[in-house]
Amino acid sequence: MAMATATPAAQNEQQEKGGLEYVYLSGLGNSLSSEAVAGTLPRGQNSPLVCPLGLYAEQLSGTPFTAPRARNLRTWLYRIKPSVTHEPFHPRRPAHPRLIGDFDRTTTDTVATPTQLRWRPADVPPHHPPLDFIDGLYTVCGAGSSFLRHGYAIHMYAANKSMDGCAFCNADGDFLIVPQQGKLLITTECGKLLVPPGEIVVIPQGFRFAVDLPDGPSRGYVSEIFGTHFQLPDLGPIGANGLASARDFLSPTAWFEQVHRPGYTIVQKYGGELFTATQDFSPFNVVAWHGNYVPYKYDLSKFCPFNTVLFDHADPSVNTVLTAPTDKPGVALLDFVIFPPRWLVAENTFRPPYYHRNCMSEFMGLIYGIYEAKADGFLPGGASLHSCMTPHGPDTKTYEATISRPDANEPSRLSGTLAFMFESALIPRVCQWALDSPSRDLDYYQCWIGLKSHFSHDNGGATSEEPCRK
């Protein structure tokens, strides 16, 4: 077993856990390289007749060969044995009952509903039944199809044990994982990533990985996109700097294990179903690699938020961390948006999020703290879904407290909170088990029922004959 050191040109960040040091490479979209053993990367070519130290050269392609160079993604892996050395795949038994990869109307386990939905945090079983990341993963909603290479799925997970003797591979799309409770130590073919709550990790389509739980039970959120990949959003008039900086995205350095592992299992998600194949070695046998298609993580506290500085509430798109675009300019298959600590300074302005009906669909989660638009009921580890054109906005308590504040024009710092949103142009279908879940808040609608009319003809407002003008 070997622990990598970064190449001399790499920028590194180090984290310690149990005496181990994790070294990372900096930069989203960069062409990176890493060697766990010096001299194992071929020089000047990708697939020599005989690779250094007798390794096998294997390319992992994230885009078609003919994709434009600016969007072409691939990585060369130099490994002890190639991935193809395994027994045939078979459907996993027992099958996973709560994963979906196709959301058309014929999928009997999903329904369409415009109702506002909210879920309380799911309990994580402390020991029994044992659930690793794969078994603890379940789909909440989604749209499109992994077979048609267009769409997304939103999952949640609750796990109480590390993956042992197996690795997971998602052939359907990219995973963006948001841990809310408990660190994740993720071993990938490119190396290891330690991801605590407050950070995110992206595992691109096709990578094999295993999830360990160094702090014990963990839960969180997962978005999955079909047929495209996440990228930084355009900044437009913001300029060259701001929001998420490419240099703050960190990828692993090469790490490998050379051990005999009879019965090691590869669990492959394909079309939303799970298949298994066995082999006699660990898939984490990559001694060196180079390319621009790699797993990466990001610390959300490094996000540089923008906001209005005089009046009105900015649209939430100003808080986009990553986007998965469609072929229509400005229309996202899926945006990952956060609501981090920040200053609120707008004058004569209702500062919480405004009441809204949106052509996009919004799935929200809360990592910690209290969300500014919900005084109670929306808890860390919980979730909400407001689908296309479904009304939503601040609850009654938030509205009444905001408009009656005597210091409403004073600057205030929103702190101790971190919420996020997965937003998509595609209308989701919701899994029946999510609708039937005991965690579902069936009284969610009540948080708005108390909103009352403040309109009066006697308070200097407009009359029906004279429209309100300023």
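The backbone N, Cα and C atoms fix where each Cβ goes, and this holds for glycine too.
Annotation note: GLU362 (Fe cation binding site) sits in a strand segment as assigned by DSSP. Look at Swiss-Prot and you will find HIS356, GLU362, HIS392 tagged as Fe cation binding site.
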- Item | Those residues of the chain, 6+ apart, with a Cβ under 8 Å from that of HIS356 (Fe cation binding site) | PRO391, HIS392, GLY393
- Note on the structure: Across every protein chain in view, the count of C-beta atoms other than its own within 10 A of the C-beta of GLU362 (Fe cation binding site) is 21
- Fe cation site, defined by HIS356, GLU362, HIS392: further same-chain residues with Cβ within 8 Å of the Cβ centre: PRO353, ARG357, ASN358, HIS386, THR390, PRO391, GLY393
- Other C-beta atoms within 10 angstroms of the C-beta of HIS392 (Fe cation binding site) total 19
